[in-house]
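Swiss-Prot annotations:
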BINDING   196-203, 242-246, 296-299  GTP binding site
DOMAIN    187-361  domain 'tr-type G'
REGION    196-203  region 'G1'
REGION    221-225  region 'G2'
REGION    242-245  region 'G3'
REGION    296-299  region 'G4'
């Protein structure tokens with residue numbers, strides 16, 4: 001039977017084309033449409049599985065003709081390549097088993113299909129493939145195992161419940177489409193977060209800018225703490241998030257609510273780069289936000305600006321512009337205000353270079369800095385508008401919480417009618433307290449807000465029991481489906497020496513297909529900040545001779561972040577290496593298994609030429625490869641279509657036995673031809689430790 005198109009085979013099988021396509025997909029046979037071709041081997045298999053009575057009789061007739069042949073090898077007949085008459089007559093469909101995601105473990109899968117796990121492992125080992133007890137299976141491998149034992153499987157979700165699409169996705173798509181057209185965008189003020197080590201002057205800097213730059217308040221006005229404020233510099237505005245540090249920054253990132261456009265990293269000139277400086281830098285770098293360094297406390301007698309710059313280079317790889325790099329570094333005194341104006345000008349310069357823009361009108365998207373219950377206003381949210389114009393009377397939604405804007409209060413405590421991009425305001429009018437660090441959207445009507453709210457609540461209820469971040473094994477499984485394979489780590493150790501040794505060893509696990517990105521490393525116990533960063537970056541946390549503090553453990557458990565701790569270096573490296581090696585595509589090698597010689601050629605109608613082979617050495621496998629040599633020259637290289645010993649289909653024949661072999665798509669065989677048999681084996685690849693080549 002030649003190859004056929006899907007619809008042609010469906011016609012022969014008297015099946016609906018769509019039904020056949022579904023069956024093919026379940027069998028793991030890739031087809032694109034009803035016009036796709038199916039190869040000859042698959043056609044024959046499907047005819048045997050689903051064949052009509054007419055085809056069955058044809059196969060039986062072929063079998064009987066095959067049995068009548070007088071030519072023998074060692075006095076025995078060959079049989080039909082697909083097995084016994086009984087098999088042809090029964091022609092039963094394969095057993096069908098439904099599996100769920102929970103069944104994709106070798107032990108559970110084996111139980112499901114009724115085959116002992118040890119037998120599966122042994123059979124695959126004989127084919128040159130290694131399976132381990134209880135190992136995770138992807139759907140492709142599960143189908144391969146099922147096919148080996150004539151079992152059909154179909155995949156179904158364990159929970160047969162309606163999938164509810166998050167309505168906020170559609171709202172986000174609106175903004176995505178708007179951003180694709182530059183004509184829809186307009187320059188907006190940059191939003192700045194100030195980060196740095198404790199006591200390096202973050203709060204002092206923010207207070208100085210606020211006190212000297214915020215516009216004069218009207219008599220009787222009060223300062224309203226809404227988590228951010230705006231200043232004006234040379235006719236342009238800058239919005240500062242009023243809570244210094246990277247905690248809020250990272251929490252917002254973890255919720256997909258990135259508000260920061262520029263980070264000012266404060267480093268004290270008398271103290272240099274400290275652990276929290278490195279931590280803050282890693283948070284900013286992970287978010288791909290531009291960094292300006294403010295070297296503070298230059299008024300101190302022991303201030304050393306040049307030494308601090310050198311530490312920026314050595315510890316953070318931040319090279320100042322004046323040293324040939326691209327990092328803007330401004331020496332300042334936040335206490336005395338020295339060079340703070342220059343810092344503000346540099347912020348505007350970076351903003352101009354970054355082309356920070358937003359949608360100036362229409363529906364609103366705003367980032368929540370914090371939410372709280374106000375004694376006078378009830379549930380309120382302090383936000384920075386990212387896009388659109390927020391107005392009194394707008395219907396709003398933040399996650400599952402809805403509301404209607406009753407009042408807007410700016411950073412000067414004044415009520416305003418509207419707020420545009422990058423403007424910080426307090427929203428009054430939520431029905432209940434919205435989540436901090438979420439996103440607020442405006443919608444057309446109260447009904448729309450209520451509809452979204454109800455759907456989000458339903459989604460959250462369903463996700464609550466399934467909510468978890470990726471474990472190491474799941475990250476690797478995801479990477480298997482991705483072209484770019486990157487494993488992100490947060491690394492903590494007991495000493496700087498241990499940290500350097502571990503970082504060096506991990507970075508030497510090299511592969512073109514998989515990279516390890518240590519997004520943050522530090523000395524000391526695993527903290528809430530580490531968990532927040534891992535949450536925002538889908539990373540796992542590795543600790544060496546350190547523990548996670550109680551708050552970090554609670555947060556990790558709530559967020560589903562995996563923390564793995566070790567006390568022996570090689571155990572950490574060994575486990576990481578083993579996990580990564582499991583992700584490498586195995587190497588395929590050809591291994592010669594034996595040699596044989598054709599003693600007799602049998603011509604069989606509708607089947608072709610069968611080689612009567614005397615095995616000389618080694619063995620031959622049914623699913624193996626073969627090369628045919630005639631007078632020392634290669635005349636054929638391909639696959640073995642069928643292998644028989646006496647009248648039985650067999651998987652393997654060893655020397656010095658005789659056997660019958662049918663070659664795939666090749667009948668021009670002659671007595672005296674020499675055969676070389678081989679198999680393709682998949683060999684697990686190893687990651688190797690390499691010497692750094694000029695890297696630091």
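The backbone N, Cα and C atoms fix where each Cβ goes, glycine too.
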Quiz question: given the binding-site residues 196, 202, 243, 298, which has the greatest number of C-beta atoms lying within 10 angstroms of its own C-beta?
196
DSSP secondary structure for residue 196 (GTP binding site), reduced to helix/strand/coil, please.
strand
Are there residues of the same chain, six or more positions away from residue 199 (GTP binding site), whose CB falls under 8 angstroms from its CB, and which are they?
268, 271
With DSSP assignments reduced to helix, strand and coil, which class does residue 298 (GTP binding site) get?
coil
Can you work out the mean pLDDT of the predicted model over the region 'G1' (196-203)?
90
